[in-house]
Amino acid sequence: MADIPSDAPQHCPGTASEQAGKTSACQGCPNQNLCSSGATKAPDPAIEEIAEKMLTVKHKILVLSGKGGVGKSTFSAHLAHALASDATKEVALLDVDICGPSIPRIMGVEGEQVHQSGSGWSPVYVEDNLAVMSIGFLLSSPDDAVIWRGPKKNGMIKQFLRDVDWGELDYLIVDTPPGTSDEHLSIVQYLSSARIDGAVIITTPQEVSLQDVRKEIRFCQKVQLPIIGVVENMSGFVCPKCKNTSQIFPPTTGGAERMCEEMNLTLLGRVPLDPRIGTGLQIAVLGPVPLDPRIGTGLQIAVLGPVPLDPRIGTGLQIAVLGRVPLDPRIGTGLQIAVLVPVLLDYR
């Protein structure tokens, strides 16, 4: 829970609980008197400070998913680029994935540093109208691990929202980590008085992803966070030769479309697999499927040029441990994948 201090005793009821400072678990805790006095239940003054800061931001959009690896950060980056393609709009991308910041690399600004002035932290600018902030800019090396408990991560998110000098913005896109943990509770709590437009939920077509995304949707409903809609990422793969579409991750239970029908949500669109994303190339933005008008754009991510899959899939050739394993659409159906291509290990 976000209201339990990192040094709290086992079974701490939480500083915001009615039982704070009163249960047997509180005995011996140095904060017992403070909690029992009710002082810890007072509203966090940072909430009003952040609300004041956010008055200069017209639209605030969170990008969420219950599952890791579904493309939240990639989608967030391309959404920010798409919105910033209108030179009259000011756009910012905030990375609150404290332990796994990938936005600096995706946006091509890895190694940049932020500077502090009298008006706060200055974000890193990708374009004249596209700013980025991430804990990745504060690390001495991109390989440094951030090993923090919840309260410290919450403090960093608070500092990002309160102290970054964004200036006047049309859009603030917030890229979040997977799950429904401290970071999500904090960002919703701190923006509770700042009129969040809502969340865009990212999923992939297979049930193993949808299962966790449903939990994320329930989280949004419980904390009263509006859901703008759902995007199905990695949806299909177009062969550059025959132009046929293959479902690498088959929607065995109906994919995002059926989930949206069952949960009364809007399916904003589908984004296909494209191997050139991994090279750092930007995805082109086109029509025709309009996004929710609250996002403020009708741009949609287009298909670029996929590469063919390994034709040896399914031949039964064995692969040595530590080799490369190609994509196989049968994984999504629950079938075991045939292993391919012998690989010589390096014994040095």
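In case you wondered, yes, glycine gets a Cβ from its N, Cα and C as well.
What you are looking at is a predicted structure, and each value in this text was computed from that prediction instead of being measured.
Per TrEMBL, the feature region 'Disordered' maps to 1-23.
All protein chains included, Cys29 ([4Fe-4S] cluster 1 binding site) registers 18 other Cβ atoms within 10 Å of its own Cβ. Look at TrEMBL and you will find Cys12, Cys26, Cys29, Cys35 tagged as [4Fe-4S] cluster 1 binding site.
Summed and averaged per residue, pLDDT over the domain 'AAA+ ATPase' (58-229) gives 93. Look at TrEMBL and you will find 58-229 tagged as domain 'AAA+ ATPase'.
Per TrEMBL, ATP binding site is recorded for Gly66, Lys67, Gly68, Gly69, Val70, Gly71, Lys72, Ser73. The Cβ of Gly68 (ATP binding site) lies under 8 Å from the Cβ of Pro177, Pro178, Gly179, each of these being in the same chain and 6 or more residues away along the sequence.
According to TrEMBL, the feature [4Fe-4S] cluster 2 binding site maps to Cys239, Cys242. The local packing around Cys242 ([4Fe-4S] cluster 2 binding site), expressed as other Cβ atoms within 10 Å of its Cβ over all shown chains, amounts to 9.
For the binding-site residues listed here (Cys12, Cys26, Cys35, Val70, Cys239), the lowest count of other CB atoms within 10 A around the CB belongs to Cys239. Residues Ser65, Pro178, Ile202, Thr204, Ser209 surround the recorded ATP site, their Cβ atoms falling within 8 Å of the Cβ centroid of Gly66, Lys67, Gly68, Gly69, Val70, Gly71, Lys72, Ser73, which are themselves excluded.
For Cys35 ([4Fe-4S] cluster 1 binding site), the nearest neighbour among the listed binding-site residues (Gly66, Gly69, Gly71, Lys72, Cys242), judged by C-alpha distance, is Gly66. When the binding-site residues Lys67, Lys72 are compared by the number of other CB atoms within 10 angstroms of each CB, Lys67 has the fewest.
Here the candidates are the binding-site residues Cys29, Val70, Ser73, and by Cα distance the one nearest Cys239 ([4Fe-4S] cluster 2 binding site) turns out to be Val70. A straight line from the CA of Cys26 ([4Fe-4S] cluster 1 binding site) to the CA of Ser73 (ATP binding site) spans 40 Å.
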